[in-house]
Amino acid sequence: MRIVFVGTPEFAAEILEHLIKNGFNVVGVVTQPDKPRGRGRKVAPTPVKAVAEKHEVPFIQPESINKKEALEFLRSVRPDVIIVASYGKILGEKVLSLPRLGCYNIHPSLLPKYRGASPIQRVLENGEERTGVTIYKMVKELDAGPIALQKEISVDPFETFDQLEKRLIELSKEMLIEFLEKLKTGNIELKEQDHSRATYAPMIKKEDLIVDFSKDAESVKNKIRAYDSRPGARAFLGNVEVKLFGVTAIDSSGDEPGLINYIDREGAWIGTGDGKVKVRYIQFPGKKKMTFWEAKNGRLIIEGMRFERRYES
């Protein structure tokens, strides 16, 4: 079975690496163009490109997978199936109709819930207790195709984005191998999604990152862990925008929203609308992430200071 893999970030790269190491015939890769990354804004290859180069798999990086040059590449490698994981761009009908077995997407949510670009973050932000991975046959509509395989896992109360993403990558690897073995033998049963139950996970905007400490402690906890460690939840100390990481506890005893009540080696207790949360790490502009205790000892922060919310979603 000839496979073309389409993806961009680390989530997709780990799945591609797993496919190749398990002996599957990956005949081509499509990933997004290289972009400036990190503090120095140096142009770096996408994680998927790095895997393709490592294993000498032919790859392209088109601005659009739907343009003539990309379609010619896809036709030239003659895929039986196209596997998509976190590509970040829409596949048009010409691409979807190209492989004889179809195009299948690996989506890290329990579809039809959380269709869209940011399912892991939205699951955490909304305090969901369960999530999972869905492999579905792609259609023109976003994340709306019939389901080939779906498995679920529980979400731990203080689990961060990084931690949950790692578990979902491992689940995706296992599921993709199972799916491809079934596809080889024609043993795939597709189940239509219940579109009436669809919810959406839109792309993250900068205002989504801002913590509103006037909300309840559970909501504040969920906001911070949803963006831990990247790109980091934001709050303001005076005119300074900082990032917050590592919520370790919540408490129902009241305090003023945003007020830094107490700092010890384990973190800072910060007031919310109905209690307080304990946050371990803070990052100031141009500095590395540090504990609140380190920030206090460095005279960057003291008890009695207050976090604010500066722009509205």
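Any Cβ shown, glycine's included, is placed from N, Cα and C.
Note that this is a predicted model, so its numbers are computed, not measured.
The annotation (6S)-5,6,7,8-tetrahydrofolate binding site is assigned in Swiss-Prot to S109, L110, L111, P112. The Cβ neighbour count for L111 ((6S)-5,6,7,8-tetrahydrofolate binding site), using a 10 Å radius and every protein chain shown, is 26.
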When you average the Cβ positions of S109, L110, L111, P112 for the (6S)-5,6,7,8-tetrahydrofolate site, which other residues in that chain have a Cβ within 8 Å of that mean position?
H107, K113, Y114, R115, P119, G132, T134, D143, Q150, Q193
Taking the Cβ of L110 ((6S)-5,6,7,8-tetrahydrofolate binding site) as centre, how many other Cβ atoms lie within 10 Å?
20
By the 10 Å Cβ-neighbour count, the most surrounded of the binding-site residues S109, P112 is S109
